[in-house]
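Peer 1: Quick one: the structure is below, and I'll ask about it shortly.
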Amino acid sequence: MKYDLYVVTSSELSRGRDTLEVVQAALAGGATIIQLREKHWPARKLVEVGREIRRLTLKAGAGFIVNDRLDVALALEADGVHIGQEDLPVDVARSLLGPGKILGVSVGSVEEAKEAIAQGADYLGVGSIFATTSKADAGPPVGVELIRQIKEKVNVPVVGIGGINLSNAAQVIEAGADGVAVISAVVSADDIESAARALLKVVQATKARLARPR
C-alpha cells in the first residue's frame with residue numbers, strides 16, 4: 001500500500017458536501033489511501049457508505065482503511081483498520097483482524113510506537129505533528145522531530161498526521177515519514193481534487209529530492 005497521501009473523511013469538516021463526493025474528488029486528485037472516520041455514524045450508515053468507498057478505492061487502485069470499527073472493516077472487506085491509544089488493544093485487534101489485513105495505530109511517543117509494533121501494528125500514524133482543530137482529542141503538537149526519532153527505532157511505514165497542509169507537508173517527509181495523513185487540508189478545501197493533487201505533488205517531489213544522490 002502506498003502511504004503518500006492518506007485522506008481521512010470527516011462529514012463535520014466537509015462543508016455540507018456528501019462523503020462519497022468528497023472521496024471521489026480526493027481519489028481523482030491522487031489520494032493513495034482513504035480512511036473512513038465518522039465517529040458519530042451508526043454501524044448501518046458506516047457499512048452503506050463504506051461499501052461505496054470500497055468500490056471507489058478498488059477502481060482507483062487506492063487503499064481503504066476503516067477507523068476504529070474492526071467489525072465494519074471486516075464486513076466491508078476493507079484493507080485494514082486504524083486504531084488509537086484508547087481503542088481496542090493492539091494485540092487484540094491484531095488477532096481479530098487476522099494476518100491478511102493491515103493494522104494501523106496512532107502513536108504520540110517512541111515508547112508507544114515500539115509497543116504498537118511489538119503487538120502487531122503494520123504502520124503508524126504519528127502526531128499530532130502540528131496544531132490541529134480537526135480532531136478534538138489530538139493533544140498538543142509533537143513536531144516533526146518525533147517522526148525522525150520513531151523512524152530510527154522502527155521498520156514499518158510511518159505517516160504524519162495533525163495540522164499538515166501544503167506549506168508544511170515537505171517538512172514531514174523530510175523528517176522521514178512515508179506519507180502525510182490529512183483531514184481538513186483536503187476535505188475542507190474549496191476544490192478537493194486540486195487540494196489533493198497539490199499535496200501529493202509536494203510529497204512526491206520531496207521524496208524524489210531526498211532520493212537523489214548527494
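Including glycine, each Cβ sits where the backbone N, Cα and C put it.
All TrEMBL annotations are machine predictions without curation.
Copying in the features that TrEMBL gives for the protein in this structure:
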DOMAIN    5-186  domain 'Thiamine phosphate synthase/TenI'
BINDING   Gln35, Leu36, Arg37, Glu38, Lys39, Asn67, Ser106, Lys135  4-amino-2-methyl-5-(diphosphooxymethyl)pyrimidine binding site
BINDING   Asp68, Asp87  Mg(2+) binding site
Peer 1: How many Å lie between the Cα of Glu38 (4-amino-2-methyl-5-(diphosphooxymethyl)pyrimidine binding site) and the Cα of Asp68 (Mg(2+) binding site)?
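Peer 2: Glu38 (4-amino-2-methyl-5-(diphosphooxymethyl)pyrimidine binding site) to Asp68 (Mg(2+) binding site), Cα-Cα distance: 10 Å.
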Peer 1: Looking only at DSSP and grouping its letters into three states, which state does Asp68 (Mg(2+) binding site) belong to?
Peer 2: coil
Peer 1: Per DSSP, to which secondary structure element type does Lys39 (4-amino-2-methyl-5-(diphosphooxymethyl)pyrimidine binding site) belong, with helix, strand and coil as the options?
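Peer 2: Its secondary structure by DSSP: coil.
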Peer 1: Through the lens of DSSP with three states only, how would you label Ser106 (4-amino-2-methyl-5-(diphosphooxymethyl)pyrimidine binding site)?
Peer 2: strand
Peer 1: Around Asn67 (4-amino-2-methyl-5-(diphosphooxymethyl)pyrimidine binding site), how many other C-beta atoms are within 10 angstroms of its C-beta?
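Peer 2: I count 21 other Cβ atoms within 10 Å of it.
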Peer 1: Taking the Cβ of Glu38 (4-amino-2-methyl-5-(diphosphooxymethyl)pyrimidine binding site) as the centre, count every other Cβ atom within 10 Å, in any protein chain shown.
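Peer 2: Step by step: centre on the Cβ of Glu38 (4-amino-2-methyl-5-(diphosphooxymethyl)pyrimidine binding site), count other Cβ atoms within 10 Å, giving 20.
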Peer 1: For Leu36 (4-amino-2-methyl-5-(diphosphooxymethyl)pyrimidine binding site), what residues in its own chain, 6 or more apart in sequence, show a Cβ-Cβ distance under 8 Å?
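Peer 2: For Leu36 (4-amino-2-methyl-5-(diphosphooxymethyl)pyrimidine binding site), the qualifying residues are Thr9, Leu46, Val49, Gly50, Ile53, Phe64, Ile65, Val66, Asn67, Val72, Ala78.
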Peer 1: Please report the number of other Cβ atoms within 10 Å of the Cβ of Asp68 (Mg(2+) binding site).
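Peer 2: The Cβ of Asp68 (Mg(2+) binding site) has 20 Cβ neighbours within 10 Å.
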